Amino acid sequence: MKILLANPRGFCAGVSRAVETVEKVLEVEKSPVYVRHEVVHNKVVVDSLKKKGVVFVKEVDEVPDDAVCIFSAHGVSLKVEEAAAKKNLVLYDATCPLVTKVHRGVRLASNNDAECILIGHKGHPEVQGTMGQYRSKKGAIYLIESEEDLNKLTIKDPDNLYYATQTTLSVDETQGIIQALKDKYPNIKGPKKEDICYATQNRQTAIKAMLKHIDVLVVVGSQNSSNSNRLKELATLAGIDAYLVDNPKDVDKLWFDNKKVCGVSAGASAPEYLVQQIISQISKVCSTEVEVEEFEGIKEEVYFPLPRLLKQKIGTGKVE
């Protein structure tokens, strides 16, 4: 059997920055180091950091006063920021800069008392953080996941209306919802460029290009990873068997029965070493050597610098 490796795949610049932030903070700060929420949605990465001494918490209320705390790549609400400030935490913000960009747009809408429509998945930590940027008492922020949700909305002032999106959505679905928004509310304003991040778009584009060459797809990523699930969905919608896995032990021989070409990709929070472990396991369960070929795609050269406070600590070598 042949394996086609999607390109690009795996870690994006935001995830690389978040993981490196945690690892560097472990070097420059005294233990324990607390992280609010999973720093990225990947079980293998989180478990690895736990072994290094990181303490993951759901809320900053669980973090002792004056302790070291890191915000995850998904971002947090203004309320969480205020709670952290009251506890006098040594705070490192690993929020992805592309999520921060969405936050700025929502805060601007709030400052202008504009109603705001956020396209995203209910309960996702990024969505919770973005919704929590809105403070206007005169306007309101609404969460929608589909065009059906849009039809249920009642907007007070269509001429003072803004939209934003979660960064890890399906590109195709989101474009449809945005167009429906513009059709219903011609004066709606939004970001100059879609908020769906470059990495999410590039990984989805890579899968689409590969679909006609494969008859099964394995996506390396965790079940709670939004962007990994969107990759799997692309294959499923095209009628191709697709599986989401973040542990080599979960690879099943039956997935590859009567299959000639297996596509392999990875969500933006899955490390490359895990991709290689999954490939080795596929070869093992198939009881044969597999031919591995890189499928040509977009080259990514995006880099996000570490948080300012962390760069200062690294530069001076001081632990205050």
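Glycine residues also receive a Cβ, built from the backbone N, Cα and C atoms like all the rest.
Here's what Swiss-Prot has on this protein:
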type	residues	note
ACT_SITE	Glu126	active site, proton donor
BINDING	Cys12, Cys96, Cys197	[4Fe-4S] cluster binding site
BINDING	His41, His74, His124, Ser225, Ser226, Asn227, Ser269	dimethylallyl diphosphate binding site
BINDING	His41, His74, His124, Ser225, Ser226, Asn227, Ser269	isopentenyl diphosphate binding site
Remaining residues near the recorded dimethylallyl diphosphate site, that is with C-beta within 8 Å of the centroid of the site residues His41, His74, His124, Ser225, Ser226, Asn227, Ser269: Val40, Glu126, Thr168, Asn224, Ser228, Gly267, Ala268
Other than Cys12, Cys96, Cys197 themselves, what residues in this chain have Cβ atoms within 8 Å of the centroid of the [4Fe-4S] cluster site's Cβ atoms? Ala13, Gly14, Val15, Ala73, Leu98, Val99, Thr167, Thr168, Tyr198, Ala199, Thr200, Ala268
Fewest Cβ neighbours within 10 Å, where candidates are the binding-site residues His74, His124: His124
For the binding-site residues listed (Cys12, Cys96, Cys197), most other Cβ atoms within 10 Å of the Cβ sits at Cys12
Set of same-chain residues at least 6 away whose C-beta sits under 8 angstroms from Asn227 (dimethylallyl diphosphate binding site): Thr168, Ala199, Thr200, Arg203, Gly221, Gly267, Ala268, Ser269
Just checking: which of Cys12, His41, Cys197 have a Cα that is within 10 Å of the Cα of the residue listed as 'active site, proton donor', counting only these binding-site residues? none
Within 10 angstroms of the C-beta of Ser226 (dimethylallyl diphosphate binding site), what count of other C-beta atoms is obtained when all protein chains are considered? 24
